[in-house]
Amino acid sequence: MSDEKQCSSYERCDFEDGLCSVIQDQSLRLGWTRRNGMTGPSPPFYDHNGDMLAHFLSLSPNVDSPSSLRSRVFLPTNNQHACQITFYHFFSQANGKLTAGIQTTCGGPVRHLWQNTAGLQHQWERNVIKIQSSQRFQVVFQGQMISTLERDEVIAIDDISFSSGCLPTNDENLPCQEASNTEETLCHPDASLCRFNSTDGGLKLCQACGFEFDMCNWVAESSAGQSSWVRTKTREIPILESTPQQDQSSDDEGYCIWVGAMHASTLDHLNSRAYLNSSVCHCLGKSCHLQFYYSMENSVLRVGLYHNKEEEIFWTYSTSTHRKWVKADVLIPEGLKTFKIVFEGTILNQEGFIGLDQLWVYACSWVPSRKPCSADEFTCANGQCVAQELICDSQEDCPDGSDEGPATCSNPLRCGFESGFCGWEPFLTEDSHWEFVEGSTRVDHHLPDAEDTTSRHHGSFLYLGVHQSPAVAKLGSPVLTKSRTASTPCQLQFWHRLSQHSRLSVFTRTAWDGDLQKQGELIGVSEPQWRQAKMDLFVRTGESTLPFQLILEAAVLSSNATVALDDISISQECEISYKTLPATSIESKAGFVPHEDAGSLLSSKGCAFTSDCLDGADGVSCVSECDFEANSCGWFEATSDGFDWTWSSRSNLSANFEHQAPLQDHTHNTSEGHFMFILKNSNSLLQIAKLQSPTFSQTGPGCTLSFWFYNHGLSVGAAELQLHMEKSNDSTVLWRVLYNQGKQWFQAVIHLGRLTQPFHLAFHKVSLGFYNGVSAIDDVRFENCMLPPPSESCKGADHFWCLYSKTCIKKLQLCDLVDDCGDYTDEIDCEPELQCNFENGICNWEQDAEDDFDWTRNQGPTPTLNTGPMKDNTLGTARGHYLYIESSEPQVFQHTAALLSPVLNATDAEGCTFRFYYHMFGKHIYRLAIYKRVWNNTKGQLLWETFGDQGNIWIRKHLPISSQQPFQISVVASVGDGFTGDIAIDDLSFMDCTLYPGNLPVDLPAPPETSVPVTLPPHNCTDNEFVCRSNGQCVASIQKCDFRYDCSDKSDESYCAMEVCSFENGSLCKWYQPISGNLIQDSNTFRWGVGNGTSIHHGEENHRPSVDHTTNTAAGWYLYADSSNGKFGDLADSVTPVISRTGPRCTLVFWTHMNGATVGSLQVLSKKDNVTSKLWAQSGQQGAQWKKVEIFLGVHSYVQVCNLSS
């Protein structure tokens, strides 16, 4: 929380202690309501941090007119210090609208900066808005619910905060007067428009009160021993360093109202509250103001309103005024006509005080302004200004009605149904249809008394009523298109009257047989009346320039239900199109959606790990890194059954629950650090905790998710992470942890890869009646998940410029079965014979008949835990297919499975490329290799190989190929020394290769080569002599294998132990492992072998040397005893051929590497005539290093040296 420590001086409100300085423009009983997740039957059931007890503001679903919230007044912004407002909002359904803007004059127009009409449903979203204003301003939030009876339809707002560049001012409200060439003021303070209840039972004018004669009907509320307001002369106040010496009018003898530490009977009462109450105030004007002067030090001053026994704080201040009187002018919420005002003062220490003077409540008397109207305003015929959005809405807002006159509202997209359908067409149905009704025609007692436009009994409107339910009637608009110059969405306006058991839905479509996109829905009420609806029209990404049609669908669900429509109009952002709709949508033709500008993006598309909109509004609730310190980053508990993921820190938990959380978080390793953890506060047989992420629209090919998890306790159970595609009911398990992992944090890394459709993630935890443990998540991080950004150009033969997304990618990414462009244009015009994703079999590849077993086609996880993929690479889900080798029985160590490609033509000088994805995850992963063969009966040339565990991730590999003959590619996987060794492959493709129409030839074996003659040369040697192989020379038998060349052709040392052996290139130098008579040697025995660091596989890292001693590289070779297939007590020996004799100074020198927790012993023995003698021995772990050993042998004859490992 270090980022919050310096924010105490910032203007912000989390609504935990009231409304702060935020005030409402309407009656406090309607509109915005302060509550928490535990109160009320409708969502949200937690604030944006996932806390059910935390407070926020929600908008009542019963309010159709806009309800406003406005901030305190801020100074003009400074370009050098940006002013930003951050807030969170929540939509439960799409039938609402929330806007944010600024207002610079009281009663002036609100300039909209942000709007959301259909956000992510049932999720808190974070928004950041930059503010620029050359005048003082207030931020105004306006929320509106379209008429509905659904209790769970709600708009909520929380945690409004301003950056340090937003400087509040407390001395006055927005100016009600402009000095720029205005002949008359916009607001004239008029006390006659305000009345107070007086003590004699009548009403008293709201005159300014300077407390010179009395308290002016203001009443100080106090109780015994508590602080209290008193009327006093300023000079009689005890002199403190910060105390003003005169009242506000600079009169030494002047009076004010005062509360200070001297008025508290004891120090215990310093923090008690003193109240100063008005009598009931009646506001007769459009807007009323409270004006007062204050001086204060070490105290808190709040101003509240009482209305219908409810109190709301709408102004607060706690900063020293430094011996000055400061003026405050506070706007009373518009529409609030009867209220009481209360000043609440709290003294914080012995030098604290608050002074008040010149209290005055007044109202504005309005006169028409003669200043020019702004671009956002309409100029009435009499010169008055009204907002542009109010014109042609079938309501007269100008006093002269010019905003609704024919000269203004000649829009052909406006229809009052006075003379027909105006281009709208009813859909023909057999059971129900629209009727024209005049207000004077009462054909049905359920009809409205008057239509909206004229409020007279002769206006016409459309009506749907039936005597047999249910019934549906549809009304289609002319074909429309959005104006190319429009930067804001088109808006549909209409008046409606819906009775109970009726519904009116609004759709758009871009093709006659295309899907209907729902724009909004209205639900009938029990006491219907004419109401106006306004809906912004959004289209799918990629369809903003296409012609479309609006469809209004009315449904009546009972015999006495009715729907009435009137005065439909469409804003000037849309115009009639003279093109007809196509029969089929562009989506079904092309199979992709091109990227559009920010104005056409759907607000509900989800996070794409990049800011598609210029203000970043599409990605603000789905941050790529979340340490849970500030909040839950949009992750939320989706089930809420008493066994829930909860956002908290250890230090914030009560003693009853702290045992269910880790001692420290992972981020900071402190008890104050935050995380998400399982909180169980009730018991039932089956409880599911589901921590759900925000919705993400897509990911790039290299996308990886990592997080840290904590899972400790004897009954903590398992947890798993699931992937849910938005358009499918299927889920894919991406990660799973089983049972107790100990008291520590572990990291999990998951390869998401390319996901082309919207999705969300969810951590699942299940309790079957008994749960006892600690399960937590922290530090969630997405890496490389963003698609490449658009490029202005893409040059070079090795690059490709994507057609619609304008991304520049490498040519190697073309036709590789992965959408790297984001618009699929890198995967069109490809040769299907050169690709295989295994979704429909193994294509034109084939299983090798000469291997040990076959590859297996699979979807979802492999049967063995902790090995193999859980999803394929093509789709990224458990629905996709891939090939893998099953390493369990009956397969044994080093058994191979080979997959053969189709035969390909010889390459040109440029060669061609083989691309594939592989997955090697598991403790016993061994080897994957790629061969190129030009003969049908050979393994071929090794192109590439890799060993061991590579992680739970699909890895891309491409191999350049050059061949002067037709060839095949062979993909060979080898089984490791255990059952967790599943290796998988997917998305195989060739680039610049072509198919060969024939088969590969068969290679005929050459005659065996021999290094010595098959028969001995002529000689006269005895049985005790050795015959030199090339010339028949005779040497004594004891001279054979004595480390000296006695034959001129050196053949006497050909099959003997070598004087020096480094095992390079895998040579054993004539050392061998003997086979005892009672042992059948196979690949699954404890034995000596040669290897190097490049062949180490998972599980061998800690006991096999990574480099040899000779070259000190991973490519250098050595002899090692492989115990992976052995068991305790097994022996492995490596023996030299018989050495005929050694000299008196003969010494055996070698280097050993003995490492591993269960390493056994190594012995050097000599053997002669079946008599074995121990020369040297060493047991146990010696460390991960090479150590030199020297053994003196001396003179021996006919002896063998043996290395024995156990």
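Keep in mind that glycine also has a Cβ here, set from the backbone N, Cα and C atoms.
Here's what TrEMBL has on this protein:
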- 11-168: domain 'MAM' (DOMAIN)
- 207-375: domain 'MAM' (DOMAIN)
- CYS373-CYS385: disulfide bond (DISULFID)
- CYS380-CYS398: disulfide bond (DISULFID)
- 413-576: domain 'MAM' (DOMAIN)
- 624-787: domain 'MAM' (DOMAIN)
- CYS815-CYS830: disulfide bond (DISULFID)
- 834-995: domain 'MAM' (DOMAIN)
- CYS1041-CYS1056: disulfide bond (DISULFID)
- 1059-1201: domain 'MAM' (DOMAIN)
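Look at CYS398 (disulfide bond): DSSP puts it in coil. All protein chains included, CYS830 (disulfide bond) registers 15 other Cβ atoms within 10 Å of its own Cβ. Between CYS830 (disulfide bond) and CYS398 (disulfide bond), the C-alpha separation comes to 64 Å. For the domain 'MAM' (834-995), the predicted model reports an average pLDDT of 92. Closest in space to CYS1056 (disulfide bond), of the disulfide-bonded residues given as CYS373, CYS385, CYS815, is CYS815, taking the CA atom of each residue. Using a 10 Å Cα-Cα cut-off from CYS385 (disulfide bond), the disulfide-bonded residues that qualify among CYS398, CYS815, CYS1041 are CYS398. Just so you know, the Cβ of CYS380 (disulfide bond) picks up 22 other Cβ atoms within 10 Å once every protein chain is counted. Rounded to a whole number, the C-alpha distance linking CYS380 (disulfide bond) with CYS373 (disulfide bond) is 9 angstrom. Cα separation, CYS373 (disulfide bond) to CYS398 (disulfide bond), rounded: 13 Å. On a Cα basis, CYS398 (disulfide bond) lies 63 Å away from CYS815 (disulfide bond). Under DSSP, the residues of the domain 'MAM' (1059-1201) split into helix, strand and coil as follows: 6 helix, 54 strand, 83 coil. CYS398 (disulfide bond) has a Cβ environment of 21 other Cβ atoms inside 10 Å.
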